[in-house]
């Protein structure tokens, strides 16, 4: 396994600082226990009722469902650890746990559902909008592109291979629209949008600001539907997140350009502006630009951080559905933060160099990681080949910066 060899490489074993109590997102009461009802039902009970059901010798932590262990593990330095024994279980849960509730997620331009499992875990479901081999038409503006379920899956694995670990776990899943959405939804607005297409397939379109209409309906075959299931982050009432507008945000206008597109010295003013004037925030933003360039994602207008950790923490790379839309051309403007600032973390640069070598070729690693997904093959072959080409271009930009 190339992937196993990669994660054993010294560059993937650089220790993070010691995690103190103040660096944890949640400080948990070590005696609070969760357990399944002894009746065999699928509901979780808490604390006192659970005491009698626990086999002796089990710690309270052992009784937590995987999603809760994932939330408890989040700290100032990482969303999840490198060698996370929980990851296979968490991904399996996303792919197989029974769905007890499906409601539409409010906001956004496209249809997304929040699905709940019997153990109270929740996932964000993005339905399949286009096939693996469809490319985004060349005349489409980036902001009118569809979100792709397979891009969400591939982005999670790519982010992990780059050792950023800033995207919550995502798995592919085949969902039954009738049994797992229509028949169990309590969302009245969503329920009104189901219909049977002329081909006899079950379809629905939900309610949202752009792509929610019969022309943009999501249809099953006849009711089987592919989608991505992303583990939800802790509720914002428990762990507040702050949304930051990216300094390299695009104009989202058909003819206007953003300031960074017109001013080659734009980075100088960013460096003087908090929070980019100290710490590693700017370098983290450049990491994100590298990830986006490799995926071809032009839609990074905001990013988020956990409020508890202030400015000294990692960026969350959420919402990656507009990646992997084109493989036949690259978008150099995504690398503007790297090109204009000529800065990159040494650890990121060394890992990118490693991923350009034959034993650790980026496309091979991603292909291996995606092979275990229930919807494999997740990416068409040309997208994998494009990754190696784009990695070469990132290294060339850094090379030019070093020469300068």
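Each Cβ is built from the backbone N, Cα and C atoms, and glycine gets one as well.
The active site annotation in TrEMBL covers 299. For residue 299 (active site), other Cβ atoms within 10 Å of its Cβ number 18.
Summarising the annotation, TrEMBL assigns ATP binding site to 110, 126, 147, 230, 231, 232, 233, 304, 319.
For residue 319 (ATP binding site), other Cβ atoms within 10 Å of its Cβ number 23. What TrEMBL lists as Mn(2+) binding site is 147, 319.
Taken from TrEMBL, the feature domain 'FAM20 C-terminal' applies to 194-403.
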Residues 110, 126, 147, 230, 231, 232, 233, 304, 319 [recorded ATP binders]: greatest CA to CA distance in Å: 20
Nonlocal neighbours by CB distance (under 8 Å) for residue 110 (ATP binding site), same chain, sequence gap 6 or more: 126, 129, 146, 147, 208, 210, 211, 212, 321
Which of 231, 233, the listed binding-site residues, has fewest other Cβ atoms within 10 Å: 233
Among 231, 233, 319, which are recorded as binding-site residues, the nearest neighbour of residue 299 (active site) by Cα: 319
All-chain count of other Cβ atoms within 10 Å of residue 147 (ATP binding site): 24
